[in-house]
Structure formats: structure tokens, C-alpha cells
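Working notes, beginning with the structure itself.
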Amino acid sequence: MAEKTSLHPAQLDYEKQKRKEEMKQQVITFALMIIFTIIAFSMVIAELNKLFVIPVIFVLAAVQVGFQLYYFMHMSHKGHEMPAFMLYGGVFAAFLTILALAALVWW
Amino acid sequence: MSTMVANNKRSFGSTLWDYLTTVDHKKIAILYLVAGGFFFIIGGLEALAIRWQLVKPMNDFVSAGLYNELITMHGTTMIFLAAMPLIFAFMNAVVPLQIGARDVAFPFLNSLGFWLFLFGGIMLNVGWITGGAADAGWTAYAPLSTTSPGEGVDYYVLGLQISGAGTLIGGINFLVTIVNMRAPGMTYMRMPLFTWTAFVASALILFAFPALTVGLFLMMFDRLFGSGFFDPNMGGNSVIWQHLFWIFGHPEVYILALPAFGIFSEIISTFSRKRLFGYSAMVFATVLIGFLGFMVWAHHMFTVGMGPAANSIFAVATMAIAIPTGIKIFNWLFTLWGGNIQINTPMLWSLGFIPTFTLGGMTGVMVAAASADYQFHDSYFVVAHFHYVIVGGVVFALFAATHYWWPKMFGKILNDTLGKVTFWLFFIGFHLTFFIQHFLGLMGMPRRYWVFLEDQGLDLGNAISTTGAFLMGLGTIVLLYNIVVTSVKGEKVGSDPWDARTLEWAIPSPPPFYNFKQLPLVRGLDPLWIEKTEGRKGMTPAEPISDIHMPNNSFLPFVMSLGFFIAGFGFIYQKYDLVWLSLVFIGMGIALGAMLMRSVKDDLGYHIHKEDLVKEAKE
């Protein structure tokens, strides 16, 4: 990181601030993910209605994937528009496939 | 570099070795062109055999079984082994040049993609000499395919699996190349339309081919290892194959057609001496077609019994595709309007394409109407429709691109008179063959039947159709003759023989192996044209002359592909005798060993030094 030394002090402060902010977000999401996992497990242990538990677990899982991608794999940073576009394209194609097979074949 | 001079005086052996190990996108383009051309001729001969069988009622030129193999292999060969690789040939030859890159992002993978395709293609055709090729139609619907005796369909499954992996690798490679390797100033909205369509087509490959891979794996297990994914008796469902096949199969149509649209956009703009009309609308239409292409696959299955709700949804989505396609047709017409039009061979193909493809699109909307499709389905009307789209769209584009980019690839212009002869023979032959088939289909002639009865109103139409097919064959022979004559006698041309607009024409023909000595600075759409209108001869460089990093050649892609090829035979023949499993181990051993070697051995490439580049410029 050779450029770092040449940074203006104000710029350096700003960078530090941003890193700190990011660290905070990561800790929060990490805590949230652990809580989500505990919720998921406790719902199964409590033997709640299946029709309720399964969709909720799916939603929690989807949110966790989002956390993983955006906060831990830095997709929230700039310059990730194309990977995001491709990712959502793939999700879209896979969703259509599963939806159609579910609705037309297995239902 | 002195290697360029040495190139001309090499022995046959060293040239062969060079092509077997090359990672240069321009040489891989030539490999794709030769291999795709070879399979195009094989598929064409199969088509001629089909048409000769149907020249008169109750003909006995081929047996019913052989006829089934011919139609299956004609379709499979033309789509997977001719059209796709030829599209890849031009993508390889042109896209890196159009975006101002020195090569694709992953040169090694580029080579691997080609060799996987070639070995997969050979595998598909091995069936011919071991007692019968695939005979379940190019769509290989279960249970016909899962119960077809012999190894024909096994070759289809394994061959497509191997070549499909190659295609997937190629698609990913172009995505990464176009995202990451554009020259300074080459924003997305300055990319030439061929690059744009190659980009969207690559994204379609990325999303569509996995469905085929899954389908083929299930089929492989059903046929070779006794599973029952498509067997209702074992709790499976044969319709799943149709869904998986068409989830891949319909985007496949756009994977072929979009680059074809790109090719025509380049040609029409160049020879009308105008920038493409409605560039941003064209880009929008391309992306929209890509998206809609994923929502329409079930229109191939209207008669399966999905129910009226599903049929209506897919019918409406299908008709919606006519809108972006219409945008494109009108934009081409407006590009021509008021242009300084020069009619030569590439332009003739483009002008022939517009009405032909429009006809194919019209019948497309007709077959998209689900209720009417019950009448059209599995009749010659559908055969006529998709040949209008795929020949009238894709094959015309490939012929046009061959004539348009030949000087860039080989440094010589194909003879224009012979080119026009090819066009007229092929164009007239094409319409003779397929126009009449609309009516044959409406009169009730079903697809895929090896004979038809006398005096049912089908005799004359079929005879006309066969005549046309042979005219197309003749046109192709003239093209081959043209290529030979041009290679022997043709004169060398400069970098920009067409007075064209895009970056590939800013560098010598054929380009040096490092493409751009200095990466060009792109200042707008049609960058070369901008420089020319401002009185400059070439592009303004974006960087000083400096060392160029190049990848080393490698034989490993060939070895890996050979390994998978050998393993394929093992997978097929182990169903008779488990001894054949040894081939699986040998083949996979070779492939995995080559992968291991690639992983542990650092290959950092080499540099062309600045001094050599400067010296070469002075010579």
C-alpha cells in the first residue's frame, strides 16, 4: 500500500472513519446472522407448524445470503454493478426454472 | 519481433504444433472457422440426403432408421457443431479487436473451450461408424431417447456434454473479456453492436447451458446407470426433459441470432456510410431479447398439455419478443435510408436477410398463438419457420461475416463476383426449399416422416424443395472455390479495405499477434470513423510504447479434452462390460493429471520488449 503514505491527512481521517463504519456494520450483521440461526434452530426444536416454519427459514436464509454478499463479500462497495447484474440475472433464470417446474410438472 | 517473419517459412509440422498449442484468439478463431465449416458441410450433406429421400413419394434412398439418424444428426450438427462454433469463430476474431484488447481475458481457457467443442463434436459423430448415430431427433425427447437401442443417443449425450462444457467456458471468457478488457474510453455505450450482442449472447450461454448440462446428466444416468428420472414407471416424469431441454434450447436460438444481428448491424452501417440508426435502442432491444428469451421456452410444448393458463402466458411472452425484434428491423431500414449504399457481397447477404428474417418472425408469431399451434405443431410449417429464422438469420449472417471479416482474418478480400454468385444461388435455393414447406405443412405433411404417399398434393412441393436444397449446396461449393482461389491468387489488402468504422480496422490485416502496439484511445461510438473524419489516419494511442505481456502456448487444453473424450467411451461401453470402466479411469486420469499440472506449474508468460516493437516499426 504505497499510496497510503501520500494521502492527505483529511483523506486519511475519512478513510479511517469509513473503515470503522464498515467494521461496525460487519459486527452487526454477524450478530444478526447468529441470531437468525438461533431462531431457525429454536423454531424447529419448538416443533411449530411446518407450514409456518419452512417459509420463515427460507426467508431467513435469503436474508443471510444477502448479508454475506453485501457486507462480507463487499458487494455494497462501488464497482460491483456488473457482478450484481449477472448474479440477479442468474437468480432470475433459476427462479423461473424452478417456478415453472413446480407449477407445471410437480404441482 | 522476428517470429513474424519466421511464421511464413515454417514447416507443416511446426505450423500444426503451433495451432495445437495456440492460445492466440485470432488463431483459435481460425480453428473454430475450419472446424465449424467442416461440420457445416457434414450437416449440409445430411440435409441433402434428407431432401433426396423426399424428392418423390415412397422413395427408398435411405431406410427409415437411417433417415431418423440423418434428421437427428443434421439438427444437432448444424446447431451445436456448425452455427455455434462459427459464431464463436467471429467472436474470437473480432470482439477483442473491437474493444481494443490484446487478447481475451483467459487465453488458456479459450483454447480449452475450442478443443472440448471439437472432441465433443467428433464424439457425436463416432456413432456413424460404430453401428448407428443418435436417432431420437435433435431434441432427444424421452422416452424415445431413453429407450433408443444401441449407443447412438449415448454418443449424443456424452458428445454434447463435452462440447457444451467448451461452449460454457467460451461464454464466460467473453463475459469477463468484455467487462474488464475494454480500451481506455471504450464505455459500454460506445461498444460496437457486434460486441454488445456477443456480450448478451455470452450471458445467455452462462444461464442457459447449465440447464442442458443438468438434462444431459439425468439422461446419461437414465441410459447408462439405470436411474429413472424420465421414466414414469419408476416415479420419474418424461416432460421434465422437455422443460430442461427447452429452458436451454430457446435461449440457444438467441445465442445464435443475437450475434447474427450484431454482424448485420456492423455491415449495414459500414456500407451505408452512416452510423447505426438508433444505437441505444438497438442495445436496449438486444438486452430485452436476452431477458425475454428466458420466459418463452414452453412455447415449444403447447401440445404437451400444460393447460390453457400456462399456454396463454407463454404465448403472450413469445409475441412480446416481436417488439424488440421489430425495433431492430426498423433501425436497420433507417440506417439504410439516405445512406451512401454500396452493394457488395456482405451487403447483399444483409439486404437478403431483412425480408427473409421478417418472414421467419411473422410465422413465429403465428406459431406462438397457442391455439393455432395445435394445427402447426410437428408439421412442415414449423420446419419452414425455424429454417427461415436460423438459416435466414444466422447462416446468412455467417456468410456475410465470412466475406466482411475475411480480409481482417487473412489479409485478402474474397472475390466479390464469386461472392455474389454464392449469394444468389444460396438465396434462391433457400427460398425454393423452405417457402413451399409452409404450404406442405398447412396441407398436413408431418415432420420427421421418412416417406410420404403419392397424389396427396405433396409431390410437386417436395420436388421443388429438393431442387432448392441442391442450389444451396451449389452456392456453398462456389464459396469453397472462392476461398481456394482467393488464398492462391488474391491480393494483399491494407488495414481498412472497407473504409469501415470500428477499431478492428485500425490495425494491420491480419493483425500482429499482440494486436495493438499501443492501446487506442476511444473517443466515441465508431472510434476509427471519428479519427478519420478529423483527418487522422489511425487511432490516437492511449499509452506510450512499452513492454507487452503475452501468454505462453500450451498443449494442455488438447490433452485435457482428449482425456474427457477417452473417458466418454468408457462411460458408454461400461453398460455392456465393466472392463470398459478402465477407459473412464485412464481418460479422467489424463484430464485430471493435465489440470494438476496446470495448477502446480507457474506459467507467467513472456514479454515483448519495447525495443523490439520500435525496431519492428522501423523495418
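Every residue, even glycine, has its Cβ placed from backbone N, Cα and C.
Bear in mind that TrEMBL entries carry predicted annotations, made automatically and left uncurated.
Pulled from TrEMBL:
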type: DOMAIN; residues: B:11-523; note: domain 'Cytochrome oxidase subunit I profile'
type: TRANSMEM; residues: B:29-50; note: transmembrane segment
type: TRANSMEM; residues: B:70-95; note: transmembrane segment
type: TRANSMEM; residues: B:107-129; note: transmembrane segment
type: TRANSMEM; residues: B:193-220; note: transmembrane segment
type: TRANSMEM; residues: B:240-264; note: transmembrane segment
type: TRANSMEM; residues: B:276-297; note: transmembrane segment
type: TRANSMEM; residues: B:309-334; note: transmembrane segment
type: TRANSMEM; residues: B:346-370; note: transmembrane segment
type: TRANSMEM; residues: B:382-406; note: transmembrane segment
type: TRANSMEM; residues: B:460-484; note: transmembrane segment
type: TRANSMEM; residues: B:555-573; note: transmembrane segment
type: TRANSMEM; residues: B:579-597; note: transmembrane segment
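Between the transmembrane segment (B:193-220) and the transmembrane segment (B:240-264) there are at least 3 Cβ pairs closer than 8 Å, counting only pairs 6 or more residues apart in sequence, which means the two stretches are in contact. Long-range contacts of the transmembrane segment (B:309-334) within its own chain (CB-CB distance under 8 A, at least 6 residues past either end) are made by residues 261, 264-265, 268, 276-278, 281-282, 284-286, 288-289, 292-293, 295-299, 302, 350, 354, 357-358, 361, 364-365, 368-370.
Looking only at the domain 'Cytochrome oxidase subunit I profile' (B:11-523), the predicted model's pLDDT averages out at 95. Across B:29-50, B:70-95, B:460-484, B:555-573, B:579-597, the stretch most heavily in contact with the transmembrane segment (B:107-129), judged by Cβ pairs under 8 Å, is B:555-573. For the transmembrane segment (B:240-264), the residues of the chain that approach it from at least six positions outside its boundaries are 79, 83-84, 87, 90-91, 139-142, 145, 192-198, 200-201, 204-205, 207-209, 211-212, 214-215, 218-219, 229-230, 286, 289-290, 293-294, 296-301, 304, 328, 332, 350, 353, 389-390, 393-394, 396-398, 400-401, 404, judged by C-beta separation under 8 angstroms. Just going by CB pairs under 8 A, the stretch in B:29-50, B:276-297, B:346-370, B:555-573, B:579-597 that sits most against the transmembrane segment (B:70-95) is B:29-50. Here the listed stretches are B:29-50, B:276-297, B:346-370, B:555-573, B:579-597, and the one with the most C-beta pairs under 8 angstroms to the transmembrane segment (B:460-484) is B:29-50. Panel annotation: around the transmembrane segment (B:555-573), residues 20-21, 108, 111-112, 114-116, 118-120, 122-123, 151, 154-155, 158-159, 161-162, 165-166, 220, 224, 580-595, 597-598 of the same chain, lying at least six beyond its termini, place a Cβ under 8 Å from a Cβ of the stretch. Long-range Cβ contacts of the transmembrane segment (B:579-597) within its own chain (Cβ-Cβ under 8 Å, at least 6 residues beyond either end) map to 556, 559-573.
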